[in-house]
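Chemist: So TrEMBL lists these for the protein:
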- 40-60: transmembrane segment (TRANSMEM)
- 120-139: transmembrane segment (TRANSMEM)
- 159-185: transmembrane segment (TRANSMEM)
- 206-233: transmembrane segment (TRANSMEM)
- 348-369: transmembrane segment (TRANSMEM)
- 389-408: transmembrane segment (TRANSMEM)
Amino acid sequence: ARRHTQRERPSHPSPAAVPSVRSVRVSSAMAILGELGTEILIPVCGVVGIVFAIAQWFIVSKVKVTPGAAAAGGSKNGYGDYLIEEEEGLNDHNVVVKCAEIQTAISEGATSFLFTMYQYVGMFMVVFAAVIFVFLGSIEGFSTKGQPCTYSTGTCKPALYTALFSTASFLLGAITSLVSGFLGMKIATYANARTTLEARKGVGKAFITAFRSGAVMGFLLSSSGLVVLYITINVFKMYYGDDWEGLFESITGYGLGGSSMALFGRVGGGIYTKAADVGADLVGKVERNIPEDDPRNPAVIADNVGDNVGDIAGMGSDLFGSYAESSCAALVVASISSFGINHDFTAMCYPLLVSSVGIIVCLLTTLFATDFFEIKAASEIEPALKKQLIISTALMTIGVAVISWLALPAKFTIFNFGAQKDVSNW
């Protein structure tokens, strides 16, 4: 729904603003979707996304990286199809064995790299968490006394406890980011060899395997981030009670933790893979006359390790950081609006509801690529991906419109740098 805003007289964050806040409390409407519906919809969508990711991983795992005779069949997923080499009488199971060996080497190297990096990242997490606690706690001189709320009536929780909860949410976001990157790296190294072997049956089989593997990381990342953030909000709310300003201020550490961890994966993995790539070219091609990307060159394995760490694990943490930051920022803005003042939980969770709808839309869109459409040639891959974009855009537009109508009240108030704005439908 299209919304318009109307600027009123400035309302600075001071006790003088209390009368206007009370008037908002009286005149503001509530959302159509009830609090119970919100409490059911968000976790259910998150769990559905996680279950769908596990199902996609299970389908990918059916592609075996051990040599064995393929049975005849026309399965769309390609599990029973003949290999191209078998049709031409050129099948060599040594190819499968060698592919499995290369995958194992890359997976072990990437896992070792990440665990080594996480040791140093862990030290950074502890130091930076201490810095956050000291800076936020010192705002009121580490006071344990409540302070008057800025945008609502009543007393807000002490700054010391807000610093403590912000530090906890930072650590939680950092850990979730690291787990997201690690799971992404594991599924990537798990699916690399399987995609290669499926490519021997045709480009369509390889595309489906690669697409399903990417869906595992995407759904795990978005769904786990949504569920963890929702649980964190409800756990923190047990302490904060009616102090929603302090509640969602402390939640912002969750996004900061996610984005901080992404830095190490992206930069560390990127530098490592470039160094290994140069080493592979200098030693292998120049000194030893080994062809480029030959697995006999250890630097080639190291190059692929860096690719998985930087482009997969780092990208997974980066995507999680972007998702967490945008969600937390929207929650902070909503907490100082009439949503937070009136304790309208459904309207407050509007960013999480949009993410929940997005998970369902992406699930349906994924089925178009893996089940409804079949790729038979390389030239069909780009049009198929464009169809994905068009379908997801159309479905998400409808989904956002519906959830906006259900979750947002017909009239509400937001505060823009002390200026009060009334927002209404149409």
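Yeah, the Cβs are placed from backbone N, Cα and C, and that goes for glycine too.
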Chemist: Have the transmembrane segment (40-60) and the transmembrane segment (159-185) got at least three CB pairs under 8 Å, pairs 6 or more apart in sequence?
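Modeler: As far as Cβ distances go (cut-off 8 Å, pairs 6 or more apart), the transmembrane segment (40-60) and the transmembrane segment (159-185) do not touch.
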Chemist: Are there residues at least 6 beyond the ends of the transmembrane segment (120-139) whose Cβ is under 8 Å from a Cβ of it, and what are they?
Modeler: 159-160, 162-164, 166-167, 170-171, 174, 178, 253, 256-257, 260-261, 264
Chemist: Which stretch from 159-185, 206-233, 348-369 shares the most C-beta pairs under 8 Å with the transmembrane segment (389-408)?
Modeler: 348-369
Chemist: Who are the chain neighbours of the transmembrane segment (348-369) in space, where the CB to CB distance is under 8 Å and they lie at least 6 residues beyond its ends?
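Modeler: Same-chain contacts beyond the ends: 33, 38, 41-42, 45-46, 48-49, 52, 56, 208, 211, 215, 218-219, 222-223, 226, 229-230, 233, 244, 248, 323, 326-327, 330-331, 334-335, 339-340, 384-385, 387-388, 391-392, 395-396, 399-400, 402-404, 407-408.
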